[in-house]
Each structure stands twice: as C-alpha cells, then as structure tokens.
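Taken from TrEMBL as is:
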- Glu7, Asp159, Asn161, Asp276, His277: Mg(2+) binding site (BINDING)
- Tyr120: active site (ACT_SITE)
- Asp159: active site, proton donor/acceptor (ACT_SITE)
- Asn161: site 'Transition state stabilizer' (SITE)
- Asp251: site 'Important for catalytic activity' (SITE)
- His277: site 'Interaction with DNA substrate' (SITE)
- 342-460: region 'Disordered' (REGION)
- 374-402: compositional bias 'Polar residues' (COMPBIAS)
- 422-436: compositional bias 'Polar residues' (COMPBIAS)
- 446-460: compositional bias 'Polar residues' (COMPBIAS)
- 530-582: domain 'GRF-type' (DOMAIN)
Amino acid sequence: MARQADETKIQRKDLRDDMVLVPGWDCYWSLPRHKKGYAGVVIYTRNSVCAPTRAEEGIAGVLCPPNSKTSFRDLPEDQQIGGYPTMEQLSESEVDAVTLDSEGRCVILEFPAFVILGVYCPANRDESRDNFRLGFLNVLDARVRNLVKMGKRVILTGDINISREEIDTAAAEETMRKNGLPGLEYCSTPARRLFNQLLVDGKVFGPPDEGREQPVLCDVTRAFHPTRKGMYTCWETKINARPGNFGSRIDYVLCSAEMKDWFSDSNIQEGLLGSDHCPVYAMIKDEIEIDGAKRHILDMVNPPGMFQGGKRIMQWSMKDLLPMSGKLIPEFDRRRSIRDMFSKKPALPKEQSTAGEDSQEPTRPEPTPEPTTCSAQPTSFVSKGNSADSRVKSTPSPQKSSVGKRPAREESNIAPLKKTKSGTITPANGKGQQSLAGFFKPKTAPASTTGSGNNSINGDTIPTFVATDRDKLFPRSPFPAVTSKSDTSTSSSQMVTRITSNASDATTVDPEAAKQSWGNLMRRPVAPMCEHDEPCKTMLTKKPGINCGRSFWMCARPLGPSGQKEKGTEWRCATFIWASDWNGIEKEQASKAREGN
C-alpha cells in the first residue's frame, strides 16, 4: 500500500525519472534545504489501493507547500493535518523549528483512517549534534501526542536511530559494562528515555516526565515477536558486522494503541541486501473494526467515494495529485514515460481528423506551399506494411525566410565537372555544385609544368582521370606516391645497419633476471596467515593519533555475534600485524631463501 525510504542522501537536481515517475505509484519527498547528499525521506503510495488526502513536510509545520508562501500550520483549518507543536512545546528545543525541518527528515501523509509519519531521526554520532537530536525528538514527541489528542490515529515509521532495550542491540552488554550502567539506567539515557515514554510497555527509570505520563504508541514488530533475540535492522559496514548479526534494531513501525489489532503480521527482511539497513514491514488486515463497525481498509485509505465495500467506484487520475506530489516537481511535471508513449496513440492533425474513414471521395493532392509561407504544417509518417513500392515520403515543409540562413541557391564561380558517356570527368559550363574531384585542384599551377594529359581552365591545371566503378564511390587522389622501390630498400638497409651497430655496443642483459626483477617489483605483497590458516586482509588506521594512516593486517572473517575477536571459532580471530612489521619479516624470509639457493 505504502512504502517509506529514509536517508535517501540525494539532492533535487539528482532525482531521476525512475525515482519519481514510477508507473502506478505516487511519491512525496522531503529533501535537505542546505546540506548536499544528506538525510532525506520519501514515501511511495500505490495509486491502485490508496491515495492520501493531505501531505506535509517537516514535523513543526513551519515549512511552506510548493508554490506557496504560507506555512502548513498557517493554512486554513480544512487544509491542515493539525497537531502542530505549540510555542511552549517548541521552546523545549534549543534549536529553532525552521532548522529542525530544513534537513529533510519527515514526510507526513493523512488518510481517512490514520496519519502516517515517515521520519529519519538524527543519529548519536557527534556530541556537537546532541542538542539537535534531542530537539528533534522532543518536537516529534509533541507532534505525535497532539495528533492523538485530536482523535487521529497515528503510524510512526522509519529510522528512529534508537535501540529501545537491551534485547534490541548486540552491543548492550559491552556498553553497560563500559559505562557502569544497570539495565534500567541504560534504558533511561536522554534519547532512549524520551522514546520509551512514548511507547506502551517502554522501560522508564523513575517517574515519567511531565506531559508524558501516558504512552500512546505500540511497537508493532515487537508485539508479534516479544522475546525474539537478534532481530536487528542495522549493521556496521566498516567492521562487516552483518554476517555475524552483530547489529541493532533502530527501524520501527509504531501505531496508536487503538490500532494494534489492525495488523496481521510484522517482521524484518534481514535477507534483503543492498544497504546497511534491512526493511521492516507491517501488514494491515483487509477488514478492520472502527467504533464497533467492520470497515474495509480500502474504504479508509482513499478519499471518500473512491472505494465502497473494498470495490473501486471512482478511478484515480492525475487530478487527485496533491501539491506535495513528486510528479508535480517542475522538472517532472507533465512528463510522460516511455510506457505512456507506446500505450497512447498520437493525435492526428486537424486536416486528417476531420475526414471520415468511410469517405468514398478521393482526396486531391494539395499544392506545395510557397517558400515564403511562415507557418509550417506537421509531417506524418505512414508505414505501408510489405508493399514493394513502399517509400518514406516527406513533404518539404516551407521554411521561414530569415537573415542568417543560407539561400536555397548560391552563385558559384567554379565550373563543376560532368561525367561524359565514356566515363571521363570534364568541367561543365553550367552552374551547380562542385564535384569531389574539384577539391583536389591545385590552387596555383607550377610555372614549368606543361602536360598534354591535363586540361587547363582559366590558367589552372586540373588532373584528368578515368572514373572506374570504384572511383565513383571512392575517388582516387590525383597526386601519385613518389617513393620508389629502390629508395625504400636503400633506407631500410641503412636502418638495419645503424640498429646492428648500436646493438653491438650495448651491454647484454639476461632476460630471465630482468623478468624476475620486474616480477618482484610489481607483485602484490604476500599476506600473512591468520589463526584460521587463511590470508589476512589489509586495513588502514583512520582513528586520530600517532598511528593514523598506518596499514595493518587482520583476520578477513566477519565479526561474530559477540562483537569481540574470538579464538577457536568460525568468526574473526585476534590476528593483528602492523604492515611495517610484516614487510620486515617478509624481507628477512626472502633474504634467507636467496642465501639457501
């Protein structure tokens, strides 16, 4: 029905047709305003089953719709999604609302059944971004709670960048051991505490914060797998942690508490590769219960009157596009895909469309328009199947007379050449295009040149030759080669003499020794073997410090589920050798091998 992708890391100018003009789907983008290749969220909706009634960008409502100078929160009430954070709620964030919404981190769609928020929350990687991260989470919490207070059902989905409990991350034990945190305190770090207060059954250490006493969302995926371990959605690519499933669950599908019975299944797709994240899905039942009455889900995810009892009553059209639709981006508006071009017949010209197909009156050929006519008629191309006399005909379209264009016929002072019956090319007296042979005419005739075989025109000498069948397509050059066979043999013998004399003076080089020397120089370094008796891989240190930039060798196997280097297992062992140390050992071994030989 709908699919959300976060962390698109793309600019508007880099959007392609296969991203926006997807047949049968609509899309709603939120892209960063200033940073390039950063963040970004998009939600795709399938036109055959659902169509949103409203769409917005950002969590605070301070941005403006396309082609408008009025922010979403200042639009008329019937055009708003609502639930915008109050000034008091916005004051809890140390970052202003415009900055929070300028990084392309949220798309909000409203359907009659619910409001869906697709988000990409800031990650916990840089302490300088802690204020932005907590500010975004505070405003997001306020927006969700305000929508629930309005009586609207909410679905929150995307990359929250928070693992809610110890079961949701493989690094929980190591983190708690390093920081000396018990389980409850681990779940109550600032961002994790804020997130858990939003969730039903969320672990919170101490009394809840003011205004957050009541949890409002359910973790749909965890509800279907309450005790499942290793249900991770993100893995660190730098340490190749995915094969050993050393990861975290930071991608969620959350819903209002009253909607928890609407879903028939929810899970992760850990086998789908191509990213450091894996997809998370949740499936809604065909029939849902609202206020004690059974309703078909298609009736509730489309504008009123489009579906009734799960059957389509009114067809979706381009008129149903919302201003936030990606198909209305100026670069893609009113564009047709290749599929549309082949599925629709081209419109006929007015002259042809007015004539009936059953008309028995023969059509008369229209006179060719004068060259001075300003308007041009469209040209049609008709295929006549397997007819032996079929031709591609094009009526010469009249051209507009303008300064700067070449005249249809130019005066020429050069007499062209005509081919006589005997095949001899001779100059013509009439005006016309110059033949190919005319381009080989020497500009000035030599003073001492007298030849009976050349025709002279106006004092210029033009070579005359007989045109064969080959010459008709590939004219021969009138200038013959002047190199004689004797000259060639003489120069070749002199060249051989010089090479022989120079070679005799050179020092003789053993080809086998040269080959071995070049081989030693160009060959790749021999990798040391790890504890698994397998070749190690080379890595480069990027951590700031005295060893930054140094290369080292380590076990090539992926990290295990424990996240530590293990001994006697199938996962990464503790082999570690600095490249400089190994190069010294390798040279010493090579030296001993040469001495032994």
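Cβ coordinates come from backbone N, Cα and C, glycine included.
Taking the Cβ of Asp159 (Mg(2+) binding site) as reference, residues of its chain lying under 8 Å away and at least six apart in sequence are, in sequence order, Asp6, Glu7, Val119, Tyr120, Cys121, Cys234, Ile250, Asp251, His277. Excluding the listed site residues Glu7, Asp159, Asn161, Asp276, His277, the same chain places Asp6, Tyr120, Ala123, Thr233, Cys234, Ile250, Asp251, Ser275 with Cβ atoms within 8 Å of the centre of the Mg(2+) site Cβ atoms. Fewest other C-beta atoms within 10 Å: among the recorded positions Glu7, Tyr120, Asp251, Asp276, that description fits Asp276.
Remark: Asn161 (Mg(2+) binding site) has Tyr120, Cys121, Pro122, Ala123, Asn124, Ile250 as non-local neighbours, by Cβ distance under 8 Å and separation of at least 6 in sequence. A simple way to gauge crowding: the CB of His277 (Mg(2+) binding site) has 19 other CB atoms within 10 angstroms, across all the protein chains here. For the domain 'GRF-type' (530-582), residue counts in helix, strand and coil come to 4 helix, 12 strand, 37 coil, using DSSP. Reduced to three states, the DSSP call for Glu7 (Mg(2+) binding site) is coil. In this structure, Asp276 (Mg(2+) binding site) belongs to neither helix nor strand by DSSP; it is coil.
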